[in-house]
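Following: one structure in structure tokens, then a few remarks.
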Amino acid sequence: MRRCCEAVGLPCLFKGVGMAGARHPRFLLVFDFDETIVDENSDDSVVRGRALPEQLRQSPRDGSYNEHMQRVLAFLGEQGVRPADFRAVYENIPLSPGMAELFQFLSKHRELFELVLISDANMFGIEAKLRAAGAHSLFRKIFSNPASFDRRGFLTLGPYHSHKCPVCPANMCKRKILSEYLAERAQEEVEFQRVFYVGDGANDFCPSGTLTAADVAFPRKGYPMHRLIQETQEKQPGAFQAAVVPWESAAEVARYLQELLRRKC
């Protein structure tokens, strides 16, 4: 008989699996959307090939980017861009390299991984893309800025929430969202053994700072989240607690998780 992982100094991730009445361990996998699940910034995708007036061509250096996008979407509506046009754009944004493979892996292990998505994009675009990719049902919860079509057929956008975080955009702090979600699930008696965070941007660095030494951050290699983690590790050794596994293809994330499952008792 093989010895249990604990007997050789490794934590047993699957203790109790197969025993009557036992529950599978649960891992939480958190995804960003833009330049993580998809290989572009979806806000850039909707304006590509369209002439914007000078005041809308550049993202604001000061002020709210969310409010800037509200103005951009209103302008596109005035130019005749309608729901079907927006849907087609979002559905056709390419997935990031290896993301389809990662989704296939997670689809085979739904009982072990709980998936949530936290994004500063918009709910309409995210849901359109996930449904087109056949991945919408993988996610238990999606947190993003509310977006819907008004009577004119214009896509309208709002802020997700307000918060007091000094480093995040005014409309969304992903750390606050993740912390509240973990607290909510704990109240429902769901305790995650590990949290995995897959992202790319500076706004993914804030929530990844809450991860513990048992957790794993998967920053996209060379993107802001990765650079901020590296800078923190250099300037404040030990301040960033989670293991860090950079990726160029999401297939690398799938392989890491596969190895985690392979080590079961």
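Cβ atoms here come from the backbone N, Cα and C positions, even for glycine.
Per TrEMBL, these features apply:
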type	residues	note
ACT_SITE	ASP32	active site, nucleophile
ACT_SITE	ASP34	active site, proton donor
BINDING	ASP32, ASP34, ASP200	Mg(2+) binding site
BINDING	ASP43, ASP120	substrate binding site
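All protein chains shown were included, and the count of other CB atoms within 10 Å of the CB of ASP120 (substrate binding site) stands at 25. Of all the binding-site residues listed here (ASP43, ASP200), it is ASP43 whose C-beta has the fewest other C-beta atoms within 10 angstroms. Listed in chain order, the residues near the Mg(2+) site other than ASP32, ASP34, ASP200 are PHE33, GLU35, THR36, ILE37, SER119, GLY199, GLY201, ASP204, ARG220, TYR223, each with its Cβ within 8 Å of the site Cβ centroid.
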